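First comes the structure, then the notes that go with it.
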Amino acid sequence: MAALGALVKKAWSVRRFVVLLCAPLALVPILLSLPPKEGRCLYVILLMALYWCTEALPLAVTALLPIVLFPFLGILPSNKVCPQYFLDTNFLFLSGLIMASAIEEWNLHRRIALRVLMLVGVQPARLILGMMLTTSFLSMWLSNTASTAMMLPIANAILKNRAVVKEKELSSDALSDLKKEEEYKTNIWKGFLISIPYAASIGGTATLTGTAPNLILLGQLKSYFPECDVVNFGSWFMFAFPLMLIFLLMGWLWISILYGGINLRGWKTKKSNLRVDAEARAKEVIKEDYQKLGPTKFAEQAIFFFFCMFAIMLFSRDPKFIPGWASLFAPGFISDAVTGITIVIILFFFPSQKPSFRWWFDLKAPNTETQPLLTWRKAQETVPWNIILLLGGGFAMAKGCEESGLSVWIGGRLHPLEGVPPPVAVILITVVIALFTEFASNTATIIIFLPVLAELAIRLKVNPLYLMIPGTIGCSYAFMLPVSTPPNSIAFSSGHLMVKDMARTGLLMNLMGVLLLSLAMNTWAKSIFQLGTFPAWANIHAENATSLVTAVENVTLSALNKI
């Protein structure tokens, strides 16, 4: 096995080396077949897409390529590329990552999870629901990967204590019941394991900071349509949270029915003694784990308070349907990034132990330094900084597409889609992107597709958000393969799931996601984002694009006349 493993590693190293060397050469025809600036930009984007899909370089390293290639190829100067890596959108995401780091530091997420499981009960369907609700809630604020990694050990601890009975002590009838119970347990185990990563992916869509594609949408909107101000934390939450709840409920029903948590045929049948004992043990395990956490600490209470403040202030900054607190300041000065960073800065000096006012008047009291809720060293260790670079790479690509005219050129090649009704376009876009993201990073996928969707919307004369939002959320609907998302990979690595389990469960999940997203876009999203009209902020971009197309055509015609 060791020799086989070494051979696999060598083969992977050779493949990476081949991709790194051959990809730039294989894409050279792109430079020759398009207008100069557009061709160079498309060359960089395809090269990055290839590196992202094959992971020939680390994702964050590939995201740095625009800093080098855009200036060298004359696409964008350095002073326009580098600022894209530190937009206010990046700082909003950073504030969410730091808040998540503080929650993990004091184990607040584990206390919340165990408390929810104690409330929902220990019957399999209820436990699956509790797991999915807890995971999705945590994933709204923590990363999808962290939420999954935290919940899976809890699920394993519960399931390992089900039906532990020695076969020697049983009669033949009882032994038969035990075998049935073991089969039931295996199915339930699969249901647990598969529900957690799915809930993490669904939950991450509910907030702007929940997953990287949501923030990439916000950043690219600011780049393409600077006048667009309808998407912020509050408006996104009003749209995505109901969609998340409906999808979560539908997903829970499907998983519970498929894996035996809900038995439609025999729901009136009496439970076996083995199953009753197993549920009692599961309840005891959850209770013991919760008791091990001890009484709620002052630091946990403080983190919970600041977490609530973080969510409330982001939601109420500019909720659109009523004036937000940001209206007290000059327009444009306060953004979601300002709000998020304000709260997380407090975490670095607020004490983790209850302060004593007597200390100030006791001259003999020891002058010991109080530990804050979060230290910078802890933040450095736990915050995934590579995601910030990945976001920046996406914003740099979007800026390159816009400045080079590539997005306009792509839009000019979308004539066959102009006759497609917009509701059908939404379904097609979501299906294509959901399938694409099964094999590629969801962040890389949305970076590649959003410029195309923006231009397609202008061609169709519909609100760009009508196509860009489904494309963004569709990137999170990757349920069919272990390699689709890190949460899927973590659950699959437990060894209790097979690819066919994920494929048959994920196929219907993908279908439900596409249909529910289409329903949401054509109902409540229309009033939240004013999707019924072609907005003025998109019209300005369309006029600029038209003038750019005319200029490109004139250059091309003059070149042909010379020939």
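Backbone N, Cα and C define each Cβ position, glycine as well.
Per TrEMBL, the range carrying the annotation transmembrane segment out of 3-23, 465-485 is 465-485. Between the transmembrane segment (383-400) and the stretches 85-103, 236-262, 298-316, 328-350, 505-525, Cβ pairs under 8 Å are most numerous for 85-103. With a cut-off of 8 Å between Cβ atoms, the residues of this chain six or more beyond the transmembrane segment (420-453) that come close are 45, 48-49, 52-53, 59, 211-213, 216-217, 220, 224, 387, 390-391, 393-394, 397-398, 401-402, 406-407, 410-411, 414, 460, 462, 464, 466-468, 470-478, 480-481, 483-485, 510, 513-515, 517-518, 521-522. Outside the transmembrane segment (85-103), and at least 6 residues removed from its termini, the chain residues within Cβ reach (under 8 Å) are 67, 109, 141-143, 146, 208-210, 212, 215, 218-219, 222, 233, 303, 306-307, 310, 335-341, 343-344, 347, 373-374, 378-379, 382-384, 387-389, 391-393, 395-396.
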